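Participant: I'd like to ask some things about the structure below.
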């Protein structure tokens, strides 16, 4: 184990050095706040406590800071790993500023909606533990948003081969895992489950309707619909329910309506932009095509670098046949001349026979 630690450390440092200032800053803040937690109760001061988030306290700064507060070493590793994965996979597509916006939107939304959920639970049960004994902090909310973003950009990537699990199923599988851990008692609080759920939901809403890119806003492609996060048997019912909710949100001006765009001024022919032909689809297909091309090129390079023994034997046989061919031709010509007598004269490109001049 000890011999692998320097290699892992070297890979970690090289990956961190190749990331942007945003990723480095978030990672450093997570580590510093973890070290500060040895002296100060940082989850209480910087984490979301529902009873202090709303009036009369208004600890609104916790909506920004709770996502970088960790209490355990494995939490720090998960937080830094998640941020670095964003720097390697999402930042080249979005840019550093868009990554920072996404980080802020997901964390603020996850903290706010988790706090509201516990407030409503207190109003239904009048249990003060839901207000003051619960603290929402850590990377769970941002992890949910990141998995949704990775489903959007590279959902067809295979995560596990046995059993075969694709990246598009990761958000639902992690949610199921957290629910099982909570039901089994391995998680002492439901805060990570609530933060993850609202982080994934807020990340999807932002990417679906509000994210700005070169072709406008959002991603209305079919592979990123809300029903696609559920098993195929449940997708029709979930799609119907999601459509009704979306219609209500459109009427109250929260979401925008999906519109078909027709470009009749195109020089070649009429181009139609429909849901399912979004630029995000094209970018996702381009990434998959590049990955497949790299794999094929690697296979070709491996085959050319190590020639087989059969090829060498074939080359040796060809050389032997080429060397023996002139001798065989000469032998056949001489034999033919001896048997044919003085009347027949055989010629070849290598040896020629001419009649000797007669003496007078």
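Positions of Cβ are set from backbone N, Cα and C atoms, glycine also.
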Participant: Match it up for me: which of 170-187, 188-205 does TrEMBL list as transmembrane segment?
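Facilitator: Of the candidate stretches, TrEMBL labels 170-187 as transmembrane segment.
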Participant: Ranking 58-87, 130-150, 170-187 by the number of C-beta pairs under 8 Å to the transmembrane segment (12-38), which range is first?
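Facilitator: Highest pair count goes to 58-87.
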Participant: I need to check the long-range neighbours of the transmembrane segment (130-150): which residues 6 or more away from its ends have a CB within less than 8 Å of a CB in the stretch?
Facilitator: 43-44, 46-52, 66-67, 69-71, 75, 78-79, 82-83, 85-86, 89-90, 102-103, 106-107, 109-111, 114-115, 118-119, 121-122, 167, 170-171, 174-175, 178, 189-204, 206-207
